[in-house]
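Comments concern the structure below.
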Amino acid sequence: MPEAPEARPPVVTPVRVVIALCLFVPFVAMLWVGSYAKTDPAFIGIPFFYWYQMAWVLISTALTMIAYQLWRRDQRGRSSRKGGVAE
Amino acid sequence: MNDGVNGVALAVFIFFFLAVTVMGFLAARWRKAESDSLDEWGLGGRSFGTWVTWFLLGGDLYTAYTFVAVPAAIYAAGAAGFFAVPYTILVYPLIFTFLPRLWSVSHKHGYVTTSDFVRGRFGSKGLSLAVALTGILATMPYIALQLVGIQAVLDVMGVGGGEDTNWFIKDLPLLIAFGVLAAYTYSSGLRAPALIAFVKDTLIYIVIAVAIIYIPIKLGGFDDIFAKASEAYGQTNPATGAPRGALVPAEAGQWTYATLALGSALALFMYPHSITATLSSKSREVIRRNTTILPLYSLMLGLLALLGFMAIAAGIKVQNGQLAIPQLFETMFPDWFAGVAFAAIGIGALVPAAIMSIAAANLFTRNIYKDFIKPDATPAQETKVSKLVSLLVKVGALAFVLTMDKTVAINFQLLGGIWILQTFPALVGGLFTRWFHRWALLAGWAVGMVYGTVAAYGVASPTQKHFGGSSKEIPGIGEIGYIGLTAFVLNVVVTVVLTFALKAMKAPDGVDETSPEDYTADAGDPGVQVELPPATAGSAH
């Protein structure tokens, strides 16, 4: 990248690592099919395989929401810092 | 199939269809701006907020065909069909990372299609043409499948006619439905499906909510439903000599399940119609916020998939799996509510068909007509061409469905998914880095396309000699996996290797008209008006 401003905060920060994890965890959970390819325990008669994946719709939504909130906070922090440096 | 026309259901269906038609035409006046640019007709003026975008994207991605095909797959074989759920789970974390960047750069430079971006980023009309053609090719059969969805509903209502009716009478309802759709898409552009999506999704949510409570009560609860389904899957299918399916994927099917989910998730937002709905939103925030509320549709899809088990438990017996769900509704619901359910599916086909035809038309206009045929086209001319092409695309899809066997449309749709995934490296790669070489991307795309097509051609099933499925042994791993994903990996490998080679040879790199800050720009930032003459961008400095 040619014109990086001098006082730029680091690209990788703990908050961003958490964001990346929130987005990455669903991939591990869903692609590891062996971890949930079973019928028991059933929930109101629905085999584990099905309710578990549907529960993950909710879990991954919650994770994406967390990522979204953290990202907004991160961006706000950055833009206010940037405003101070003058652009 | 039952005999005779279901009068009450048909009347309810026609009522909703007429209501939606009126809305479609009135939509032209909704938030209308004084301009005849392609942005207005083809992207709804780039004006949609969080909720409109949510309905539009939901209406667009979860199509009538999805509603019919996902439970149909469960009905036919059980667990394997459920991959649609992890697939739609993975889509949202994925697009969270790259879609806002695409929105920003497109807003800044006035891009209407993904090919516009690829041309601007890599300075390569050839690569842009490849992306545009892939998009059009992949979209056409998708539109055709929406018709298959409507046909299934019409058949069950008894207006599709039996095998022995005259073809014209048989297809007349479909012709009318599509004629009307074509007319309001032509006059209202993207605003029509955006408005109709409200009706479609409301109906769908009501139908699913009722179905998921009412049907299990009538069938004696989920315990009974799954017990009956399990029994049915255990029976040997005379065509294959193997059991019909399973409640849980066996060890051997797990690779297939995972690769199908991942490959489909990667492919979904490469489709032109997904991007059209995305770019019509008014700010970058709208996109990110939508990734947190769109999964509501995935939950609905999961519930809907369970209807496949209910169809088995209810003793629905159909030759054509596509009819299982409409038939289940017809059997279980009172006539008037069956009409509501059919209207939901029917309208569910119109929304994506409209958006898909607009998206394909935009690709043709911007990346074939303007780039290769008439470079000095005015915005008004672009809009005119796009409107005409949207008609042509729909006529093409209609002809496709009426003249060819349904399986041809399904085969092409399957190929379309494999093909569209091959545009991923150019598009998403391009959003994050300019490292890839344009010629390498083109070569990678070509290799992926050829491998995917040849591999899919070679898959046989009990009923078909070619294109019998979308999974095949992965070379080097030995497991059965989704062909699209294998082709994609091959594509990336070729792209990376050739990029190294071309850089070493100092091959000309092409002009990049974007700059790093374009990818994070939001509406309201200085210089982020939709492309006025390039000189105005200078005022921001």
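Our numbering is plain: 1 for the first residue shown, then up by one each step along the chain.
Even glycines carry a Cβ here, placed using N, Cα and C.
Beyond the ends of the transmembrane segment (B:6-28), by six or more residues, the same chain brings 153, 156-159, 177, 180-181, 183-185, 187-189, 191-192, 194-196, 199-200, 203, 330, 335-336, 338-340, 342-343, 346-347, 350 to within a C-beta distance below 8 angstroms of the stretch. Summarising the annotation, TrEMBL assigns transmembrane segment to B:6-28 (among others).
Taken from TrEMBL, the feature transmembrane segment applies to B:48-68 (among others).
Taken from TrEMBL, the feature transmembrane segment applies to B:74-99 (among others).
The transmembrane segment annotation in TrEMBL covers B:127-147 (among others).
Nonlocal intrachain contacts for the transmembrane segment (B:167-186), taken as residues 6+ away from its ends with a CB within less than 8 angstroms of a stretch CB, comprise 17, 21, 24-25, 27, 147, 150-151, 154, 159-161, 192-193, 346, 350, 353-354, 357-358, 387, 390-391, 394-395, 398, 401-402. As annotated by TrEMBL, transmembrane segment applies to B:167-186 (among others).
Taken from TrEMBL, the feature transmembrane segment applies to B:255-272 (among others).
The transmembrane segment annotation in TrEMBL covers B:293-316 (among others).
Panel annotation: around the transmembrane segment (B:336-364), residues 6, 8-13, 15-17, 20, 38, 41-42, 56, 59-65, 67-68, 112-113, 115, 132, 135-136, 139-140, 142-143, 146-147, 149-150, 152-153, 156-157, 177-178, 181, 184-185, 189-190, 192-193, 196-197, 199-200, 203-204, 206-207, 210-211, 271-273, 275-277, 326, 329-330, 385-391, 393-394, 397 of the same chain, lying at least six beyond its termini, place a Cβ under 8 Å from a Cβ of the stretch. What TrEMBL records for B:336-364 (among others) is transmembrane segment.
The transmembrane segment annotation in TrEMBL covers B:385-404 (among others). When Cβ-Cβ distances below 8 Å are used as the criterion, the transmembrane segment (B:385-404) is approached by residues 38, 41-42, 136, 139-141, 143-144, 146-148, 151, 167, 171, 174-175, 178, 181-182, 185-186, 189, 353, 356-358, 360-362, 364-365, 369, 377 of the same chain, each at least six residues removed from its ends.
According to TrEMBL, the transmembrane segment annotation covers B:410-432 (among others).
Summarising the annotation, TrEMBL assigns transmembrane segment to B:439-460 (among others).
Away from its own ends, the transmembrane segment (B:480-502) comes close to residues 252-253, 255-256, 259-260, 262-264, 266-267, 417-418, 421-422, 424-425, 429, 435-437, 439-441, 443-445, 447-449, 451-452, 455-456, 459, 470-474 of its chain (Cβ-Cβ under 8 Å, at least six residues beyond either end). The annotation transmembrane segment is assigned in TrEMBL to B:480-502 (among others).
According to TrEMBL, the feature region 'Disordered' maps to B:509-541.
Here TrEMBL flags B:510-520 as compositional bias 'Acidic residues'. Within the compositional bias 'Acidic residues' (B:510-520), the DSSP-based counts of helix, strand and coil residues read 4 helix, 0 strand, 7 coil.
Sequence-distant residue pairs (6 or more apart) of the transmembrane segment (B:255-272) and the transmembrane segment (B:74-99) include at least 3 whose Cβ atoms are under 8 Å, placing the two stretches in contact.
Sequence-distant residue pairs (6 or more apart) of the transmembrane segment (B:293-316) and the transmembrane segment (B:439-460) include fewer than 3 whose Cβ atoms are under 8 Å, leaving the two stretches without contact. Packing against the transmembrane segment (B:410-432) from elsewhere in the chain are residues 98, 101-102, 105, 114, 117-118, 121-122, 127, 130-131, 134-135, 137-142, 144-145, 148, 263-264, 266-267, 270-271, 441, 444-445, 448-449, 452-453, 456, 464, 466-467, 469-470, 483-485, 487-488, 491-492, 495, 519: each is 6 or more residues past its ends and has a CB under 8 Å from a CB in it. Same-chain residues lying 6 or more positions outside the transmembrane segment (B:127-147) and placing a CB less than 8 Å from one of its CB atoms are 63-65, 69, 113-116, 118-119, 174, 178, 270-273, 349-350, 352-353, 356-357, 359-360, 363-364, 366-368, 371-372, 393-394, 396-398, 400-401, 409-410, 412-413, 415-417, 419-420, 422-423, 426-427, 438, 441-442, 445-446, 449.
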